[in-house]
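Now, the feature entries from Swiss-Prot:
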type    : residues                              : note
BINDING : 30-37, 57-61, 75-78, 142-145, 172-174 : GTP binding site
BINDING : SER37, THR59                          : Mg(2+) binding site
DOMAIN  : 22-193                                : domain 'EngB-type G'
Amino acid sequence: MKIESAEFYKSVTRLEDLPKDGLPEIAFAGRSNVGKSSLMNTLMGKKDLARASATPGKTREINFFLVNGKYYFVDLPGYGFAKVSKSLQENWQQLMEGYLKSRAELKLIVLLIDSRHPALPIDLEMNEFLSFFGRRFAIVRTKTDKLNQSALAKSKRESEKAFYDFEFIMDFSSVTGKGKKELLSVLSTYLTS
């Protein structure tokens, strides 16, 4: 897949505001500071299209990016920071559950994990959450440029052992671009199936 155009489409805080045009979606999920914005920007070929919040865990909306005018890349709120009120956490959970339960257009969720921390409890909880809703998801390990080959291989084995029900697992570096072509190729098959 070649991305020729990508633009911000809309932010959503309520399920009734989700796009109604029926275009297929790939959603990106991950804990705060995992490199989700960097990965999405690298895939879309834009430096600052998907923006990271200045305060980790602050973003509480679902952001839609129209890609090639044919499908959406969806930036889900980062999880894992408790520096927000309980009511805001509950609203986020309701929004996420509603989106994951009912979204027919959602073809795949890409769960990002930091390759330096291959099996954090919070990421394993998200694995359970996605499995519970019966959604197809893949694991993309970020920040792979920060580990040497030996540590990277060990980390990948740990991830493969800890996570379950995933479609595939692959490594990605926004710094070097490693994995970009392969990930876009795989995502293309889900968008057209």
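Placement of Cβ uses the backbone N, Cα and C atoms for every residue, glycine included.
Secondary structure from DSSP puts PHE172 (GTP binding site) in coil.
Following the DSSP three-state reduction, the secondary structure of GLY30 (GTP binding site) is strand. LYS143 (GTP binding site) sits 12 Å from SER37 (Mg(2+) binding site), taking the C-alpha atoms as the reference points. Recorded residues GLY30 (GTP binding site) and SER37 (Mg(2+) binding site) have their alpha carbons 10 Å apart, per Cα-Cα distance. If you measure from the Cα atom of PRO77 (GTP binding site) to that of SER37 (Mg(2+) binding site), you get 11 Å. Listed binding-site residues: LYS36, LYS143; maximum Cβ neighbour count within 10 Å falls on LYS36.
There are 16 other Cβ atoms within 10 Å of the Cβ belonging to GLU61 (GTP binding site). Taken as a whole, the domain 'EngB-type G' (22-193) shows an average pLDDT of 89 in this prediction.
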